[in-house]
Amino acid sequence: MRKQIIIGNWKMNGSLLSIKSLCESLNKLSTESLSADMAVCVPNVYLSYVSDNIKGVALGVQNVSQYDDGAYTGEISVSMLKDFNCQYAIVGHSERRALFGESNIDVALKAKKATEAGLCAIVCVGETLEERTSGKLEEVLKTQLSTVLNELTLNQLRNVIIAYEPVWAIGTGLAATASQVQEVHAYLRSIVTNFHVELAKNIKIIYGGSLKPSNADEILKLADVDGGLIGGASLCGKDFGEIVKHAKAVKNAKHVK
Ligand code: PEP
């Protein structure tokens, strides 16, 4: 039984004031929602504040350096993150791939560095609309995922969550349909099964791309969906809370079967 996890990606949004009120909403939620794991990936400058002011919600970041330390201006290392009780690091978000030129191997090396240090790496994979419509969906996803599978040890892979995020669904309001999501998640799990059967049974594959309270139930209850990575809706405590409640209900429903 894989436990559902709902992870917020705040991106480069918020201010000290808005983050204070978001932390207050999340703190209320955390006492009510113990059967779904929750994490928020915050802008680095707010790590210390969120770490000191949040309870029952794990802390994460949106990127991490593939290097240990040294002359890498602007980068943040895993050991710095651990100083702030950070447990999760998103790697390979499509915005980092598209806007900051991160390659599949960069993403794999970041995932390796994070998991080596005991952080959970949330590895994002996903196709553009052009790749999907031109029949390259499977090839693109296989290359993105295989680079990570081949670079990490089995123990490191046990600390990886795969996030399927179709690029065309991120921030557009246009989520993938339930059948598109299940089809891709089953495909991703089959790639992991070919690599290692036990890993495939346990690895979480979460969905991201315009997930919101209105479509969370339908998507989270799919057989191969183990949670969600939430952008826009994670900035509103009420919406994030409703998605967490759906995850909790789905968990109970899947458990009963
Ligand atoms: C994301 O950026 O990871 C994301 C899923 O964004 P949104 O929920 O806004 O589509």
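Backbone N, Cα and C atoms are what each Cβ position is placed from, and that goes for glycine too.
Binding of substrate is annotated in TrEMBL for ASN9, TRP10, LYS11, GLY171, GLY231, GLY232; the matching candidate from SER48, SER134, SER146, SER210 at the same site is SER210. The least crowded of the binding-site residues ASN9, SER210, GLY231, GLY232, judged by other CB atoms within 10 A of its own CB, is GLY232. Ranking the recorded positions LYS11, HIS93 by other CB atoms within 10 A of the CB puts LYS11 at the bottom. For the recorded positions TRP10, GLU165, the ranking by surrounding Cβ atoms (within 10 Å, all protein chains) places GLU165 first. Max Cα-Cα distance over the annotated substrate binders (ASN9, TRP10, LYS11, GLY171, SER210, GLY231, GLY232) is 14 Å.
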